[in-house]
Amino acid sequence: MNQKIAVQIDDLTVAYNYKPVLWDIDLTVPEGVLMAIVGPNGAGKSTLIKAILGIIKPIAGSISIYGKPYTKQRKLVAYVPQKGSVDWDFPTTALDVVMMGTYGSLGWIKRPGEKEKKIALESMEKVGMLPYKNRQISQLSGGQQQRVFLARALVQDASIYFMDEPFQGVDATTEIAIINILKELRKAGKTVIVVHHDLQTVPEYFDWVTFLNVKKIATGPVKDIFNDDNLTKTYGINYKVAVNK
Amino acid sequence: MSNPQIEIQLIAAVVAMACAIPGVFLVLRKMALISDAISHSILPGIVIGFFITQDLNSPLLILLAALFGVITVVMVEAIQKTGLVKEDTAIGLVFPVLFSVGVILIAKNASDVHLDIDAVLLGELAFAPFDRLIVTGADWGPKSLWIMGSILLLTLSLLVLFFKELKVSTFDAGLSSALGISPVIMHYGLMSVSSITVVGAFDAVGAILVVALMIAPAATAYLLTEDLKKMIGLSLLFGVVSAISGYWAANFLDASISGSIATTLGVIFLMIYLFAPKRGLISVLYRQKQQRIEVSLITFLLHLNRHEEESERHINHLQEHINWRAVRARTVLNLAEKNNLVQITNNVVSLTEKGLAFTEKSLAYIINNRDEKIEPMKEDFFLFRG
Ligand SMILES: Nc1ncnc2c1ncn2[C@@H]1O[C@H](COP(=O)(O)OP(=O)(O)OP(=O)(O)O)[C@@H](O)[C@H]1O
Ligand SMILES: [Mg+2]
């Protein structure tokens, strides 16, 4: 394969209060894959994404995005946090939240204008949230909130998208809507990295997968490595998942 | 009105506005308590500053005190990070210590100067106009008006410049840091501004009123709006209104001005808490009652819709079938009849055409709960209220 490398991680160790939750991770994500990160609760999946995005400082190791540190590549990256990480009672509307996606390219002090608003509205249209643009965010259902966050990531027009459990608590229609958008992103040459819990749907949704449980168990194409052996190593019990080869 | 009267009100209003702005973000960040902590733990900064300059209005005092404000925040966070205690406990550990250090410093070294603790805690607005700014022999007005005016100007310009940064870092720190808007910088920026405001204000109005002016207007505004800009606007308004009406209440009752303003703040909050149109206690209770009746009504109509047999629809057996208390059954039946949803012939209740249409719509509403189609239907759905 002669692909560019989107994310390169070497010897990464991350700790909370000196207790390591990620040990010595090496990971290479090629450009243009739609990758699932799977692992049990507390495996460090969210932590891995936060470390890549510089939200948590690692105690060792290096991370690069297209060959450069994240701080130099911010504009290439968009992020959808795990649900519940924001204050839903915050006085702000759905449209306003989506507009926040443009703040990164605006930089400090400059304020969003008509152009940013237009981009935000287009992106809300894509996820089917236009009718709700003026709703206060706490008055949206869980799935609708998730769509708002997806729309916010889309306005960032990044090259790499990180999503922490975008399917958590959403209905089948929303799940399909989201995965179709993710597949479109991949078609457009973007790299999409998704923390995912539903093992059944991994082969259907993704073409790349990383098994994680404090240490990296395996990473590679779904068709090569998504098997009982790796699942057992990751989850500690024998999973019987039908893998369609 | 005499000159000092106008000046006192002006000072109170300016202090109120200067406090309201950082207050909004403290309330949204659920950090109301920290303002209380800062207002006490800045004392050592003031005392040390006073030893150095021998002048209670020197800018160095403000800077040193603000530094102690930030030190408070850093210490609280350090204790919290150990994971042994929660944030409120950490706050409770830090500020009494710093405050006592200040008190001891005063007792040991400055017991003969004007720096008594009552003044620090309660302040006295009535005296504020007597401390004048005299430059080259000319009287430029009360010093505290100049100090607080500058602080207000600073706070306002920072707010305008960094509005979007404040918003995103308060709402979603993760995104904010991913976007390159460091939430840590915003956090300490806000803490520094809060400390400076507290320090500037406490000399004029006292530490307790400072805390009230920071928290109460923002908490009140929070009940009324779902828009951050409006929340800030309303906080400014509530602050100023409380300051002015508190002043007149004090005048009328011959009471402490700071105390009256703090009381007014509390009363306004209470009124809004009770009567706010959307989130107020009374409207919430009223809405809940309405919703209960509405749900009962729909349950009742669905029951009628589902049961063809007359025995199920006989007026005397209705309550057994739906399993309601008699009063509730009566209320619902009356409501349905009043709105021409049902008709009663020979003591048997049946749906009218309108009732049938409404029932079908309600059913669609309940099933489609996740669909965009709800929006226009809501109008119909709540049509029969009251
Ligand atoms: N802020 C924090 N302070 C201390 N420990 C933390 C913190 N956040 C996470 N941890 C711990 O780090 C470990 C990894 O957490 P992380 O959130 O990365 O897990 P995860 O794989 O995303 O799990 P989930 O599937 O439940 O989302 C867990 O053991 C968790 O308890
Ligand atoms: Mg997680």
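Cβ from N, Cα, C; glycine included.
Just so you know, TrEMBL annotations never went through curation; they're auto-generated.
Feature list (source: TrEMBL):
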| type | residues | note |
| --- | --- | --- |
| TRANSMEM | B:6-28 | transmembrane segment |
| TRANSMEM | B:33-52 | transmembrane segment |
| TRANSMEM | B:58-78 | transmembrane segment |
| TRANSMEM | B:90-107 | transmembrane segment |
| TRANSMEM | B:145-163 | transmembrane segment |
| TRANSMEM | B:175-198 | transmembrane segment |
| TRANSMEM | B:204-224 | transmembrane segment |
| TRANSMEM | B:231-250 | transmembrane segment |
| TRANSMEM | B:256-276 | transmembrane segment |
* For the transmembrane segment (B:231-250), find every same-chain residue at least 6 residues outside the stretch whose CB is under 8 Å from a CB in it, and list them. => 8-9, 12-13, 15-17, 19-21, 23-24, 125, 159, 213, 216-218, 220-222, 224-225, 256-257, 259-265, 268
* Intrachain neighbours beyond the transmembrane segment (B:90-107), with Cβ under 8 angstroms and 6 or more residues off its ends -> 33-34, 36-38, 40-41, 43-44, 46-48, 68, 71-72, 75-77, 79-80, 115, 117
* To do: Return the stretch with the most CB pairs under 8 A relative to the transmembrane segment (B:256-276), choosing among B:6-28, B:33-52, B:145-163, B:175-198, B:204-224.
  => B:204-224
* Counting Cβ pairs under 8 Å that are 6 or more apart in sequence, does the total for the transmembrane segment (B:204-224) and the transmembrane segment (B:58-78) reach three or more? -> no
* To do: Could you give the residue numbers and ranges of same-chain residues that sit at least 6 residues beyond the transmembrane segment (B:33-52) on either side and whose C-beta is under 8 angstroms from one of its C-beta atoms?
  => 22-23, 26, 58, 60-69, 71-73, 76, 87-88, 91, 94-99, 101-103, 105-106, 109-110, 113, 115, 120, 191, 194-195, 198-199, 202, 207-208, 210-211, 214-215
